[in-house]
Amino acid sequence: QWIPGQSCTNADCGEGQCCTGGSYNRHCQSLSDDGKPCQRPNKYDEYKFGCPCKEGLMCQVINYCQKK
């Protein structure tokens, strides 16, 4: 279980969340909604500035979620 103020990994975050942030400021955040900033899923499952989109949405080239 992730504790606010501590660094996380995706395994620490709950369902519908990812671990995002820089090296020293990682935190659990909800998956991105329509029109919200996002980061595309990657093979390392690491995110620096946002989570992937919620199901049914895709992260566009401009890094915002839109309906598929």
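For all residues, glycine too, the Cβ spot is worked out from N, Cα and C.
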- With reference to Swiss-Prot, which of the candidate residues Cys51, Cys53 participates in the disulphide bond with Cys65? Cys53
- Query: Which of these links to Cys8 by a disulfide bond in Swiss-Prot: Cys18, Cys19?
  - Reply: Cys19
- Note on the structure: If you consult Swiss-Prot, the disulfide counterpart of Cys51 among Cys18, Cys28 turns out to be Cys18
- Note on the structure: Disulfide partner of Cys38 per Swiss-Prot, picked from Cys28, Cys59, is Cys59
- Message: Please give me the disulfide-bonded residues out of Cys8, Cys13, Cys19 that lie within 10 Å of Cys59 (disulfide bond), comparing Cα atoms only.
- Response: none
- Note on the structure: Going by C-beta under 8 A and a gap of 6 or more residues, the same-chain neighbours of Cys38 (disulfide bond) are Ser32, Gly50, Cys51, Pro52, Cys53, Leu57, Cys59, Asn63, Tyr64, Cys65
- Query: What is the one among the disulfide-bonded residues Cys13, Cys53 whose Cβ has the most other Cβ atoms less than or equal to 10 Å away?
  - Reply: Cys53
